[in-house]
Amino acid sequence: SKREIKMRKLDSTKVRPLKTEQLLHIEDHDFALRPGFGGSPIPVGIDVQVESIDSISEVDMDFTMTLYLRHYWKDERLSFRSNKNKSMTFDGRLIKKIWVPDVFFVHSKRSFIHDTTVENIMLRVYPDGNVLFSLRITVSAMCFMDFSRFPLDTQNCSLELESYAYNEDDLMLYWKHGNKSLSTDEHISLSQFFIEEFSASSGLAFYSSTGWYNRLFINFALRRHIFFFVLQSYFPAMLMVMLSWVSFWIDRRAVPARVSLGITTVLTMSTIMTGVSASMPQVSYIKAVDVYLWISFLFVFLSVIEYAAVNYLTTIEERKQLKKRGKASGMYSMDAVQAMAFDGCFHDTDVDMDLSPFPEPCEENETRASQTNISNTDTPRLKRKRSLKGNVGRIILQNNHVIDTYSRIIFPSVYIVFNFFYWGLYI
């Protein structure tokens with residue numbers, strides 16, 4: 001009757017299926033079950049196009065990748081008649097009404113499907129029931145890195161795909177086109193890494209409670225660019241080590257100059273080592289950069305210890321000489337090192353030290369000495385002035401300790417040998 005027809009039109013709970021749903025017979029099947037349920041496992045082909053590798057984090061030991069993930073399978077329940085044998089393409093709204101593979105990323109930390117301006121999902125159905133399901137996804141996954149050779153290292157990372165619910169008895173994952181199933185954008189580049197290779201592989205994963213699962217691997221090797229670390233760590237460390245050697249050519253009695261130079265290089269090396277460690281994970285093993293920086297720090301530290309030994313031995317030697325000449329005794333006598341520390345002037349061991357408790361300034365001493373006409377040619381002070389004017393380098397060599405002489409050869413030679421073995425071992 002007309003009344004019953006009107007009541008049916010007003011009933012909002014009964015909605016007629018869409019035209020596409022009628023064409024695919026979605027209402028006639030239970031898509032909660034996989035295709036061929038109860039029979040042989042359904043094969044699901046996978047191919048991946050990597051759009052970009054967005055970041056590599058050494059601290060978090062992970063990487064972020066954006067890719068196009070495509071699934072291929074056949075579901076005869078979705079077959080339809082087509083005179084021109086053309087496929088139909090749908091967006092993400094149809095996904096919730098049919099069966100799709102439940103592929104997930106193993107060891108992933110974060111992942112999402114892009115949804116600007118709409119969800120980046122495509123579903124293409126062919127008349128014979130073959131289905132193409134494509135997603136654009138950004139995923140952050142773990143990468144188990146080994147930093148024992150950092151920064152001269154090569155890291156091997158992989159993104160792993162697997163079905164969450166269906167084991168190998170229900171679903172068989174495989175690469176659709178073999179090794180050609182994995183393609184990359186030609187313009188992929190990273191600031192600190194060079195991408196050596198991309199490869200696809202497959203295997204099985206076993207879980208004690210659920211069984212065996214097919215697993216697909218996207219493998220890629222990353223080789224680190226060394227030039228950045230050469231500029232930021234290695235080259236400054238080399239300069240600090242060579243700068244510490246300058247003290248071997250400074251007069252052994254110039255205590256402030258040699259001590260300040262040694263302390264400055266030690267503090268600078270500590271700053272370089274702290275900066276490198278701050279950008280790295282706190283691993284329990286020694287990295288290659290740690291070996292180089294610690295050895296460099298040892299060379300700088302030994303240069304400071306070397307001068308401590310020189311200064312100590314020089315003091316003992318001069319005191320022995322003064323005792324032999326009978327000038328070490330007396331209330332107001334002082335040796336060359338003490339005089340240097342008191343008035344800031346250089347004193348030869350051959351020069352008689354001023355016995356007054358308050359020596360006059362250097363300039364006054366020199367003026368007074370120039371005005372004194374006693375023994376013009378035999379005075380040791382005049383001899384020292386002439387030698388300084390004539391050959392400064394020879395005087396510096398004579399006034400350096402034998403340890404300084406050997407250090408000028410031993411320190412650079414050992415450091416060069418160390419660099420030779422270091423770069424030969426890690427490169």
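Positions of Cβ are set from backbone N, Cα and C atoms, glycine also.
Quick look at what TrEMBL lists:
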DOMAIN    26-225  domain 'Neurotransmitter-gated ion-channel ligand-binding'
DOMAIN    234-323  domain 'Neurotransmitter-gated ion-channel transmembrane'
TRANSMEM  226-247  transmembrane segment
TRANSMEM  259-279  transmembrane segment
TRANSMEM  291-310  transmembrane segment
TRANSMEM  409-426  transmembrane segment
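Averaged across the domain 'Neurotransmitter-gated ion-channel ligand-binding' (26-225), the predicted model reaches a pLDDT of 91. Residues 58-59, 232-233, 236-237, 240-241, 243-244, 246-247, 250, 289, 293-294, 296-297, 300-301, 303-304, 307 of the same chain lie 6 or more positions beyond the ends of the transmembrane segment (259-279) yet place their CB under 8 Å from a CB of it. Each residue of the domain 'Neurotransmitter-gated ion-channel transmembrane' (234-323) gets a DSSP state, and the totals for helix, strand and coil are 76 helix, 0 strand, 14 coil.
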